[in-house]
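Visitor: According to TrEMBL, the divalent metal cation binding site annotation covers His66, Asp104, His312, Glu316.
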Amino acid sequence: MNLRELVSALNDFASPALAESWDNVGLLVEPSPPHTVNTLFLTNDLTEEVMEEAVQKKADLVLSYHPPIFAPLKRVTWKTWKERLVVRALENRIGIYSPHTAYDAIPHGVNNWLTKGLGTCTSVPLHPSTAPSSPAEGTHRVEFCADAEHLDAVLSKIKDIPEISCLTTLPARVEGEEQTRVSLNCSQKALLEVVALLSQNSLLYHKTEILLLQKPLLPHTGMGRLCTLSEPLSLSDTVERIKGHLGLPHVRLALGAGRTLESPVKKVALCAGSGSSVLKGTEADLYLTGEMSHHDVLDAVANGISVILCEHSNTERGFLSELRDALTIHLQNKINIIVSEKDRDPLQVA
């Protein structure tokens, strides 16, 4: 596949608009066009060892779940390892694409895969995503009625205000009089100017309606998951299920206040990677994530919530094999997709 065609297909699989605002997703490194992709190489983290593996396996595009370029690069030299990744990628005509939190949000993404370690359960996003785009522009809709005497003057001034869209007028009958109903969409900033203008005329101002435009929530899409198990499990059994799902010999466990290994677990709040900000304040029997700050663990424990930490990328990496199968179908078997064998969490128990 042509690189740009493949990037378009990957964006269709998980829209970059679903990623968090702080994230850096999409095509990060692009060899000079035209660039044909025969082999897509999947990894959780793009380290130098993994890049060498991608070169040896003749990859044309690396899909790195974590973006290897996050902080802006001021230069591209051989001095730092992240700069060297870019140099090696371009020297070997390998593109780099990163989906990161877009894959966290989608219904068939990383967090959904993580829920499978709990057994049969229902789950909902902890922080639902809104539709990336919506037919309505702006943040507010303003509607008011004006008579012929005031209409032209008001419209003339409104059209001079920036960030106003969807301005329409329709005939209306108000209290037996022929008037014109004006409707417009505007930004938060423009709203202040519109209201200030209309407030200069008490007749217009008292006939003004302001509506907040909200983008619709997307079903089963968003950050984190709150899972309700079909049957309660003991905490010890839950730990064993998670270890089995992630293929880990050990996890870190903090018992909630008043809890034991035999305490029942019915509700689990989870977030792949670093989950503190996503899980904080959620009522559950258990928090499951890769890493949390010491003080956030203390807060959870004090509130009777047990915590399982598996190290950051251990809660993500197992998704890659499922992703390979899903992308094979999505891309209609047009390219070879392989998963890195060198990718691994940098932390281990010594």
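For all residues, glycine too, the Cβ spot is worked out from N, Cα and C.
Bear in mind that TrEMBL entries carry predicted annotations, made automatically and left uncurated.
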Visitor: Tell me, how many other CB atoms lie within 10 A of the CB of Asp104 (divalent metal cation binding site), whichever protein chain they belong to?
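Guide: A count of 29.
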Visitor: Can you count the other CB atoms that lie within 10 A of the CB of His312 (divalent metal cation binding site)?
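Guide: Around His312 (divalent metal cation binding site), other Cβ atoms within 10 Å: 21.
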Visitor: Could you name the residues, excluding His66, Asp104, His312, Glu316, of the same chain that surround the divalent metal cation site, i.e. Cβ within 8 Å of the Cβ centre of those residues, in sequence order?
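Guide: Output for this site, in sequence order: Asn44, Tyr65, His100, Val110, Ala272, Gly273, Ser274, Gly290, Ser313, Thr315.
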Visitor: Give the number of CB atoms, excluding that of His66 (divalent metal cation binding site) itself, located within 10 Å of its CB.
Guide: 17
Visitor: Counting across all protein chains present, how many other Cβ atoms fall within 10 Å of the Cβ of Glu316 (divalent metal cation binding site)?
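Guide: 26, counting other Cβ atoms within 10 Å of Glu316 (divalent metal cation binding site).
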